[in-house]
Amino acid sequence: MADLRSTFLNVYSVLKSELLHDPAFEFSPDSRQWLDRMLDYNVPGGKLNRGLSVIDSYRLLKDGHELNDDEIFLASALGWCIEWLQAYFLVLDDIMDNSHTRRGQPCWFRVPKVGMIAANDGVLLRNHIPRILKKHFRGKPYYADLLDLFNEVEFQTASGQMIDLITTLEGEKDLSKYTLSLHRRIVQYKTAYYSFYLPVACALLMVGENLDNHIDVKNILVDMGTYFQVQDDYLDCFGAPETIGKIGTDIEDFKCSWLVVKALELSNDEQKKVLYDNYGKPDPANVAKVKALYDELNLQGVFTEYESKSYEKLVTSIEAHPSKAVQALLKSFLGKIYKRQK
């Protein structure tokens, strides 16, 4: 796996070099240096799970056959396209959320001399994806499907982000809107499609499959993405900041988090009043009251039960799939996220 990771990182260097010498634009030394630094700061710094899972998925769909160098390169290039998409979302997301840290370092727009140039950097990151696809996939029979896939998933993610942002609008904060179905909608569109479905869809296209024949796989992956986001919501409050690489602010930010939805479900009127009075306020005293209520309601125990039930349900869905290769792929995904701490 360490070897796969280093191979994957080598492909990043190749793609970055191609983008820094893209013939469609005449770079000056300053602009090339800016882009070089911007890419290194934002693209390769995460866990790389989404990108690496394209290679894993492709290998499993080929029944575990060893991939040749060309196949590894192409699967890696698609994996990096997803990492580029992720970088684009995060750079802009951090501006919108006025965040401070990301992956254990200051958000890009917080770096001296960057500021709002980060907005254009986000647009550039998004535009690098079709450049990479054109250079390496233009002759492939699935090229148009790849372009369609990335466009559709980006649309779904941006639309999920919209629901997330408008539910947290200043002056329109209304906890009574926060339900499990709203939470699921935000998660499905904002996270599940690009984090879970997209890597597998890329691998399916590479092995010549038609995505319309794999709606069941998409549904299982969206369920997995929902489970992943519930873990994220849980870790935002109960995870160790040094482990997760960021300081959680869901309570201050009035996020439609799984925790607040469950708290609303389980609270009596008095406890609901504590939530209504304190949720979405930046003062640490208000945040502490919400966290104390979460403890009072034993949300850690409620989460543990949710985690085991979700796991069982996902395993049952996966084992109902007719293809052993697809089962292996989905189980490997689930194995990576079950009981994760970061």
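Placement of Cβ uses the backbone N, Cα and C atoms for every residue, glycine included.
Swiss-Prot lists Lys47, Arg50, Gln86, Arg103 with the feature isopentenyl diphosphate binding site. Annotation source Swiss-Prot lists Mg(2+) 1 binding site at Asp93, Asp97, citing similarity to another entry. The Mg(2+) 2 binding site annotation in Swiss-Prot covers Asp93, Asp97 and is backed by similarity to another entry. Per Swiss-Prot, dimethylallyl diphosphate binding site is recorded for Arg102, Lys190, Thr191, Gln229, Lys246, Lys255, and the stated evidence type is similarity to another entry.
This view paints the features noted in Swiss-Prot onto the structure.
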{"residue": "Lys47", "record": "isopentenyl diphosphate binding site", "contacts (Cβ under 8 Å, 6+ apart)": "Lys342"}
{"residue": "Gln86", "record": "isopentenyl diphosphate binding site", "contacts (Cβ under 8 Å, 6+ apart)": "Gly46, Arg50, Tyr194, Ser195"}
{"residue": "Asp93", "record": "Mg(2+) 1 binding site", "contacts (Cβ under 8 Å, 6+ apart)": "Ser99, Gln161"}
{"residue": "Asp97", "record": "Mg(2+) 1 binding site", "contacts (Cβ under 8 Å, 6+ apart)": "Thr249, Asp253"}
{"residue": "Arg102", "record": "dimethylallyl diphosphate binding site", "contacts (Cβ under 8 Å, 6+ apart)": "Leu90, Asp94, Trp108, Gly245, Lys246"}
{"residue": "Arg103", "record": "isopentenyl diphosphate binding site", "contacts (Cβ under 8 Å, 6+ apart)": "Gly45, Gly46, Gly245, Lys246"}
{"residue": "Lys190", "record": "dimethylallyl diphosphate binding site", "contacts (Cβ under 8 Å, 6+ apart)": "Thr157, Gly160, Gln161, Ile163, Asp164"}
{"residue": "Gln229", "record": "dimethylallyl diphosphate binding site", "contacts (Cβ under 8 Å, 6+ apart)": "Val187, Thr191, Ala192, Trp258"}
{"residue": "Lys255", "record": "dimethylallyl diphosphate binding site", "contacts (Cβ under 8 Å, 6+ apart)": "Asp164, Thr168, Asp233, Asp236"}
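The isopentenyl diphosphate site is set by Lys47, Arg50, Gln86, Arg103; from the centre of their CB atoms, other residues of the chain with a CB within 8 Å are Gly45, Gly46, Leu48, Asn49, Gly51, Glu83. Here the binding-site residues are Arg50, Lys246, and the one ringed by the most other CB atoms within 10 angstroms is Arg50. All protein chains shown were included, and the count of other CB atoms within 10 Å of the CB of Thr191 (dimethylallyl diphosphate binding site) stands at 21. When every Cα pair among Arg102, Lys190, Thr191, Gln229, Lys246, Lys255 is compared, the largest distance found for this dimethylallyl diphosphate site is 19 Å. According to DSSP, Lys255 (dimethylallyl diphosphate binding site) is assigned to coil rather than to any helix or strand. Residue pairs drawn from Lys47, Arg50, Gln86, Arg103, the listed isopentenyl diphosphate binders, are separated by up to 15 Å at the Cα level.
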